[in-house]
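Since the structure comes first, as structure tokens, the remarks are kept for the end.
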């Protein structure tokens with residue numbers, strides 16, 4: 001007991017005061033939450049959604065037959081058994097990866113209907129403390145969309161959780177893995193339009209044999225320019241065409257495949273016997289290197305998961321098993337039958353096998369399907385960048401809603417033009433399918449491997465699967481993916497280097513931005529203003545309180561930011577009502593509007609200071625018509641009403657009770673304010689103190705229209721909650737000013753060379769070219785105030 005008393009005396013009463021005052025948002029600041037219920041769909045609606053998913057999810061996978069066999073046998077075919085072996089590999093690759101792994105397993109690992117790499121990462125962040133967002137709090141777990149499980153102490157899941165949380169290196173490793181997969185997915189968004197459009201337009205050469213390849217490239221580039229130039233219009237007006245186009249495409253290739261099987265060589269059906277896979281590999285090194293071409297048959301599989309947000313899992317499962325999978329098997333088998341009978345016509349085998357009367361209609365449908373596939377990939381890239389931005393891993397770029405009906409349809413002009421430039425560069429630079437296919441295969445297999453590795457902790461932590469099932473899934477996936485990976489690695493010098501360069505560039509940007517953002521947050525956290533110092537200034541904060549509301553933006557979810565002390569040090573006045581606004585993103589896909597804002601009072605009521613935390617998910621967007629300011633003010637009024645109804649103590653009562661319980665400790669100094677004892681602090685905090693010469697104003701204007709600052713011998717005390725609400729409304733009518741920090745981050749002089757390069761040049765450059773916070777929050781320029789500071793980290 002004596003030891004505890006000595007320890008308490010050593011730390012001081014002011015330390016205890018600071019510890020109790022500087023608390024994050026507590027559970028009382030939130031709202032009662034609605035229970036989240038998973039949607040159920042009637043059979044008719046589910047079938048309709050399954051049909052619509054064809055146009056969004058399966059376009060990339062469906063256009064693969066245009067270029068697969070040419071990339072398997074770029075140097076010709078030796079015999080028919082070689083074709084049967086390749087077909088057997090295609091059949092079982094389609095069965096094991098898209099059907100078994102993705103449709104029936106990975107799709108279940110969705111984050112309340114959201115898919116993709118960041119969705120998996122968000123699930124992990126909620127079940128283990130590995131997330132990269134530092135300003136999180138336990139109250140965030142009360143959200144209806146923040147679903148997580150608890151574990152028994154000795155369970156395997158609990159051990160895995162402790163292992164992941166046990167070292168910063170493991171957290172960083174998972175982050176790097178996620179960022180790498182994200183960067184490869186962005187590379188996929190560059191390469192898919194290039195190879196899909198180039199392969200589709202290549203059909204012209206079948207009819208016009210003397211047409212040079214350069215002409216095909218020019219036509220492809222023009223189509224790509226048109227595709228990217230139309231992105232800002234959105235797909236809402238034409239998306240209803242996507243599903244019929246892709247459906248017609250699948251029916252076309254399915255029927256054509258069945259006809260070719262009957263017409264040319266039905267012996268290729270032997271490929272369904274897996275023994276031909278073994279025989280194919282016995283042929284030597286050539287068969288192994290051809291795996292890069294075979295792998296193209298499963299490109300677009302990741303879109304099954306990445307585009308999950310648009311459709312329920314059951315709809316995608318129905319569409320794949322009923323339409324996509326059978327039609328692809330028929331087409332690949334029929335194309336193999338044609339090639340087996342015409343071994344010298346591998347190039348453009350799809351178009352050559354077509355009956356002459358339907359060549360041009362098929363060419364039109366193929367080109368339309370390629371454009372639809374490209375559009376789906378481009379849209380997915382926008383979503384990926386948006387998720388990375390929300391999790392603090394990408395510089396702020398402009399995000400625009402292109403549809404009032406579908407919130408998921410977004411457009412980023414900055415990313416759009418970057419994608420277009422790179423896509424055209426790849427198309428015009430390589431000029432042929434082979435090298436682009438090698439690059440494409442590298443990007444796809446990397447994303448698949450990342451998904452496999454992330455699924456391991458998902459199955460253990462989220463699903464609590466038995467370890468034998470986890471091992472079976474991992475072995476089954478790697479059994480297919482590792483051979484493909486080894487094949488594409490051998491072709492790095494033949495175009496496979498392209499996605500690696502793209503990934504390296506985006507990886508550097510993402511990690512530098514995340515590192516700089518984290519360092520800036522750590523500096524703000526360590527240099528935040530002492531709450532005891534703020535309270536020691538009195539209700540007027542030592543300044544003139546003028547009518548109006550000041551919204552001070554900060555990344556801190558608790559405490560008063562350093563920007564505020566910098567502000568009041570350099571200006572003689574401050575607004576009569578202050579709200580510290582923290583806009584933060586959580587590892588959830590969305591935050592319901594009625595749970596978005598948390599409000600808490602700072603200090604006694606007569607300080608008129610509040611903290612408001614606005615929470616968003618990685619799918620949520622600050623829209624211009626959201627009226628963020630109005631929603632924040634409504635939440636503030638609601639908090640005041642609820643506070644008056646609560647039976648518990650108000651914050652000021654809690655503070656007074658706390659101070660009465662503290663022992664006297666004269667000579668405490670904190671935050672530059674020296675007191676002679678706790679009684680003085682109590683006087684500052686008490687609502688009946690009479691030591692302030694300037695009090696919060698009544699913001700009514702006089703007859704001349706000028707606002708007055710009213711001195712008084714006592715502090716303003718509200719007789720009822722109606723008085724405080726009237727005061728807040730009057731402050732709002734007087735004007736709202738948004739106070740943002742315009743900070744410059746510099747590395748300390750004693751920092752290492754690499755850190756100086758990263759912070760002083762790379763991060764500084766990214767901050768210079770990215771969008772300002774004021775633009776992201778849609779803050780009007782006439783009511784914005786920037787406070788400049790230099791942070792040395």
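Quick reminder: no glycine exception, Cβ is built from N, Cα and C everywhere.
As recorded in Swiss-Prot, the features of this protein are as follows:
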TOPO_DOM  1-53  topological domain 'Cytoplasmic'
TRANSMEM  54-74  transmembrane segment
TOPO_DOM  75-86  topological domain 'Extracellular'
TRANSMEM  87-107  transmembrane segment
TOPO_DOM  108-172  topological domain 'Cytoplasmic'
TRANSMEM  173-193  transmembrane segment
TOPO_DOM  194-214  topological domain 'Extracellular'
TRANSMEM  215-235  transmembrane segment
TRANSMEM  238-258  transmembrane segment
TOPO_DOM  259-287  topological domain 'Extracellular'
TRANSMEM  288-308  transmembrane segment
TRANSMEM  310-330  transmembrane segment
TOPO_DOM  331-351  topological domain 'Extracellular'
TRANSMEM  352-372  transmembrane segment
TOPO_DOM  373-409  topological domain 'Cytoplasmic'
TRANSMEM  410-430  transmembrane segment
TOPO_DOM  431-442  topological domain 'Extracellular'
CARBOHYD  432  N-linked glycosylation site
TRANSMEM  443-463  transmembrane segment
TOPO_DOM  464-468  topological domain 'Cytoplasmic'
TRANSMEM  469-489  transmembrane segment
TOPO_DOM  490-494  topological domain 'Extracellular'
TRANSMEM  495-515  transmembrane segment
TOPO_DOM  516-793  topological domain 'Cytoplasmic'
Chain residues in Cβ proximity to the topological domain 'Extracellular' (194-214) (below 8 Å; excluding those fewer than six residues from its ends, i.e. six or more beyond): 60, 63, 66-67, 220, 223-224, 227, 348, 350-352, 359-360, 362-363, 366-367, 369-371, 373-374, 423, 426-427, 431-433, 436-437, 440
Before we move on, state whether the transmembrane segment (443-463) and the transmembrane segment (54-74) share at least 3 Cβ pairs under 8 Å, counting only pairs 6 or more apart in sequence. no
For the transmembrane segment (238-258), which partner among 54-74, 87-107, 310-330, 352-372, 410-430 gives the most CB pairs under 8 Å? 54-74
The transmembrane segment (352-372) vs the transmembrane segment (54-74): three or more C-beta pairs under 8 Å (separation of 6 or more)? yes
The topological domain 'Extracellular' (331-351): which same-chain residues, six or more beyond its ends, come within Cβ distance under 8 Å? 65-66, 68-70, 73, 76-77, 80, 83-84, 86-87, 90-91, 94, 202-203, 205-206, 253-254, 256-261, 263-269, 271, 297, 359, 362-363, 366
Grouping DSSP H, G, I as helix and E, B as strand, the residues of the topological domain 'Extracellular' (490-494) number 3 helix, 0 strand, 2 coil
Lying 6 or more residues past either end of the transmembrane segment (173-193) yet within Cβ distance under 8 Å of it, the residues of that chain are 60, 116-118, 120-121, 124, 130, 132, 164, 224, 227, 299-300, 302, 306, 373-374, 377-378, 380-381, 384-385, 387-388, 393, 419, 422-423, 426, 436, 439-440, 443-444, 446-447, 450-451, 453-454, 498-499, 502-504, 506-507, 510-511, 514
Would the transmembrane segment (310-330) count as touching the transmembrane segment (495-515), if touching means at least three Cβ pairs under 8 Å and pairs must be 6 or more apart in sequence? no
Which residues of the same chain, at least 6 positions away in sequence, have a Cβ lying under 8 Å from the Cβ of residue 432 (N-linked glycosylation site)? 213
Looking only at residues six or more beyond either end of the topological domain 'Cytoplasmic' (373-409), which have a C-beta under 8 A from one in the stretch? 55-57, 59-60, 62-63, 116-118, 121, 132-133, 179, 182, 185-186, 188-189, 192-193, 196-197, 224, 227-228, 231-236, 242, 300, 303, 306-307, 309-310, 415-416, 419, 509-511, 513-514, 517-518, 585, 587, 616-621, 623, 766-767, 769-773, 775-776
